[in-house]
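> Submitted below is the structure of interest, expressed as structure tokens.
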Amino acid sequence: MSYTASPCQELVEPCAVHAEGMAQEESHRSQAPPTFYHGASQELDLSTKVYKRESGSPYSVLADSKMSKPHLHETEEQPYFREPRAVSDVHTVKEDRENSDDTEEEEEVSYKREQIIVEVNLNNQTLNVSKGEKGVSSQSKETPVLKTSSEEEEEETEEDATDNSSDYGENGRQKKKEKQVEKVRVTQRRTRRAASVAAATTSPTPRTTRGRRKSAELPKRKKRAAKEPKAPVQKAKCDEKETLTCEKCPRVFNTRWYLEKHMNVTHRRMQICDKCGKKFVLESELSLHQQTDCEKNIQCVSCNKSFKKLWSLHEHIKIVHGYAEKKFACEICEKKFYTMAHVRKHMVAHTKDMPFTCETCGKSFKRSMSLKVHSLQHSGEKPFRCENCDERFQYKYQLRSHMSIHIGHKQFMCQWCGKDFNMKQYFDEHMKTHTGEKPFICEICGKSFTSRPNMKRHRRTHTGEKPYPCDVCGQRFRFSNMLKAHKEKCFRVTSPVNVPPAVQIPLASAPAAPAPAVANTPTSPAPAVSMNPVGSALPSRPVPHPFSHLHIHTHPHHSHHLPIPPVPHLPPPPALFKSEPLNHRSQSEDTFLRHLAEKNSPAQAQHH
């Protein structure tokens, strides 16, 4: 019997071990929700479930066929419809579970290992699922109901971190296991708290407790919904970014980067006036602008001429006060100017169009300014006023020449010789005499000149043109100075001498002597003629002389013109005739007077 008992003993031991393992798996798979609150240290009664004895001998074993497929019978269980335990039973189970921490940790580890297969539901809720198809425990279904939104977000972030991790080595697995164990502990603690609260406040039916739990969840979900209006806040922030305004100018930018770029380029390099907002590159320009109070005209320091813009002052200083050069030339006549704007104005002179017409006289002009100056002749307006003496002038150059009276010298003065000029044109021509510059060349002989008028004057020597006629004799001259000299000579011969309107002509008697022969030359003076044969003088009577230039003299040695003082406050009258006919007419007048004297002499003799 001993020989037969030993092999039977060897057969029983592995079966018992296998039965214990099967029983543990069965306990894990077939754990109903109420058994979750029992102590994990309870021993399994395998005498009734695993095997049974047929006889009194301890080695007779009969294996139960139902142990092979325990999970097929567990599917019929419905954990949600079992009767709930009393409150006292829950407290006792809780105390038993606290006393058995070691066994609970082992079960949690094994239980969590089975959950690695499925962790997230379609609703993004964490589920504690076993290996079987319907092995979902009641705890796992109740736990997500009691979770808050913040805790769910934490778990989701942890799950995302675990899903995105690409380290599938041993270290990664260990970390996953540790995290899963922590999750299980957290969920168990939450279920304990929920069970204690539900047992104290709920009715015996589980459905009502569930309904209350769902009603308790609603404010939590509302809290989460309250967090959703983050989008309008972000939109408001975007709006704030879109309305970034510059502090120094009214420009608006979408991003801060563009605003900083605008500040660096515009405001940190440019100088801006605080009053009117004008920009200046240099601080000196800004200070000059502020001295004019942003509205007054900018004046030149040298000549007190006012300008509206600063660049106009710069151009004026270059051109007028003598450190600029004429670099821009006309393509047609090669005339040079200081600026290109002056060249454009000059190009109008080469066109034939004259669109500006005077309404009064019908004269046409090429420029509007020329028409405006011309219209002053008809209106008699004098728009240019002297600020010192309030005298007004019709043209601007007249005012400039007048200002030399107040200044003490003319506006443009040569620094080399001290000669001053009223016109800039004359000043420029004079300055070329010092520099030796002669840019104007005659096309015929190649001679050069300092100014264009001088070249035109020289060209008349080649063309024979004589544009200056004499008003008295009609003779024409090539130059104006020649006409001036001719007028002085011509008027010296024909210049009248003023006499009183009534001239007394005494006809005195002369001694009886043979009268000298009258010269036939027109310039010889006529001798005195005795009008009375008796020798008595005729009574004096006023005779209005029709010719103011004719005088009769009694003495033969007197010259033709007597030094008669002119009449004060009266201008000399113009000459009526030329010199030669006047002398011939003088002879005819002498004969006419003699004839009158002869007629009157017999009547006077009879009277006496």
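A Cβ is built for glycine as well, from the same backbone N, Cα and C atoms used for every other residue.
Feature list, courtesy of Swiss-Prot:
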- 71-97: compositional bias 'Basic and acidic residues' (COMPBIAS)
- 194-208: compositional bias 'Low complexity' (COMPBIAS)
- 244-267: zinc finger (ZN_FING)
- 271-293: zinc finger (ZN_FING)
- 298-321: zinc finger (ZN_FING)
- 328-350: zinc finger (ZN_FING)
- 356-378: zinc finger (ZN_FING)
- 384-406: zinc finger (ZN_FING)
- 412-434: zinc finger (ZN_FING)
- 440-462: zinc finger (ZN_FING)
- 468-491: zinc finger (ZN_FING)
- 563-575: compositional bias 'Pro residues' (COMPBIAS)
> Counting Cβ pairs closer than 8 Å, which of 298-321, 328-350, 356-378, 384-406, 440-462 has the most of them with the zinc finger (468-491)?
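Between the candidates 298-321, 328-350, 356-378, 384-406, 440-462, the best contact partner of the zinc finger (468-491) is 440-462.
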> Per DSSP, how many helix, strand and coil residues does the zinc finger (440-462) have?
11 helix, 4 strand, 8 coil
> Would you kindly check 328-350, 356-378, 412-434 and say which stretch has the most C-beta pairs under 8 angstroms to the zinc finger (440-462)?
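It is 412-434 that shares the most Cβ pairs under 8 Å with the zinc finger (440-462).
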> Averaged across the zinc finger (328-350), what pLDDT does the model get? Just tell me the whole number, please.
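Mean pLDDT for the zinc finger (328-350): 83.
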> If you run through the zinc finger (468-491) with DSSP, how many residues end up as helix, strand and coil?
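Residue counts in helix, strand and coil order: 12 helix, 4 strand, 8 coil.
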